[in-house]
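Q: So TrEMBL says this about it:
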- 1-38: region 'Disordered' (REGION)
- 7-23: compositional bias 'Basic and acidic residues' (COMPBIAS)
- 110-127: transmembrane segment (TRANSMEM)
- 154-172: transmembrane segment (TRANSMEM)
- 179-201: transmembrane segment (TRANSMEM)
- 207-233: transmembrane segment (TRANSMEM)
- 245-267: transmembrane segment (TRANSMEM)
- 321-343: transmembrane segment (TRANSMEM)
Amino acid sequence: NLQESESENKLDGETASDSESKSEFGGSPAVPTSDDTPEVLNRALSNLSSRWKNWWVRGILTLAMITFFFIIIYLGPMVLMTIVMCVQIKCFHEIITIGYNVYHSYDLPWFRTLSWYFLLCVNYFFYGETVTDYFFTLVQREEPLRILSKYHRFISFALYLTGFCMFVLSLVKKHYRLQFYMFGWTHVTLLIVVTQSHLIIHNLFEGMIWFIVPISCVICNDIMAYMFGFFFGRTPLIKLSPKKTWEGFIGGFFATVLFGLLLSYVMSGYRCFTCPVEFNNDTNSFTVDCEPSELFQLQEYNIPLVLQSVVGWKTVRMYPFQIHSIALSTFASLIGPFGGFFASGFKRAFKIKDFANTIPGHGGIMDRFDCQYLMATFVNVYIASFIRGPNPSKLIQQFLTLRPDQQLHIFNTLKAHLVDKGLVGDLEDA
């Protein structure tokens, strides 16, 4: 009892966590992970120093991941959504596994089972909301789906409540504190991984350009910051990541803003990237065909007088989306890296090098998506604040599902409003 009370009193900050791991769990807090570099690369790069070997390994695997990224974009939005789901599950697995390794000696009852059950509950809630929102007519057409949609939130709450009761029933006197600790661990992981991956899906429905440009900006910043830091880095940036330098941070910023402008210019000319991803009820498939909005139509802008003498132009033709891309690339360069710093602090807290060793030279999937999740949240907030307006097609879909008397009431209200505005008269005259 004395030893248990002493360990309870130490739970404060990093020192408490370390001492708890040593005294109660009998070892290091987690099993360090290492990169499994393919034997082919090891033999080919055996004559290089570790610094240059790591450079080549990271470079080759980066090109491979970029190639895979292009392939899944080519395969369309459904494949992209599936990949996002798979990445979410893998990231959740990596974080939960770290917690399981930390407390593995205690063999906490139902910990892993409940963690995956809560993942299922949260995904059911979020994706059910998305299905109801974007597939409204399909849901209303099918009786089972209509019932599930009507009581979706109640079902979601009932599922979560079941998991909550299971957790309470699994409590063991000897492990109370640790079980509540891991309960919190699971829920924070769900908040970070599942919620933000759900926002990625919402961004994708606004148009693939809102998915591709932000992700590409984060990738570009990661690559260019590494390149500038590798060749020119001298000044340390932050203690959490000793290899990060100010030279890499600043160089990555300018390179990413320029890259965002160029990529946005190229993609804004294609409807398959700019049109919202919508569900066609006639063909029961996704469509990305529309009349481009003003964001994706070339417009002429006056160049500030200060810059006219430098560039020699008075005006420039560009897409309005390119202006928004500056905000996206700036966030990816200045704020996005803090997602990586946060992940670095997390890994240092548990004395691990990477979240996993899935990708040689890069670590786990979570090591590659730590900045992407933060970026996805920003893009979603940005769209909601500055871009998205009411969607007429969704309003009409909901209007058609109302009772005839409700539809007539809305029609009369709308007609009276248009008459007051003078629009109905103009339309009738036309």
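Each Cβ is built from the backbone N, Cα and C atoms, and glycine gets one as well.
Note that the structure is a prediction, hence the values are computed from the model and not measured.
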Q: Considering only Cβ pairs within less than 8 angstroms, which of the stretches 110-127, 154-172, 207-233, 245-267, 321-343 has the most against the transmembrane segment (179-201)?
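A: The listed stretch sharing the most Cβ pairs with the transmembrane segment (179-201) is 110-127.
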Q: What stretch in 110-127, 154-172, 245-267 has the biggest tally of Cβ pairs under 8 Å against the transmembrane segment (321-343)?
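A: Answer is 245-267, with the largest number of Cβ pairs below 8 Å.
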Q: Can you work out whether the transmembrane segment (207-233) touches the transmembrane segment (245-267), with the criterion being 3+ CB pairs under 8 Å where the paired residues are 6 or more apart along the chain?
A: yes
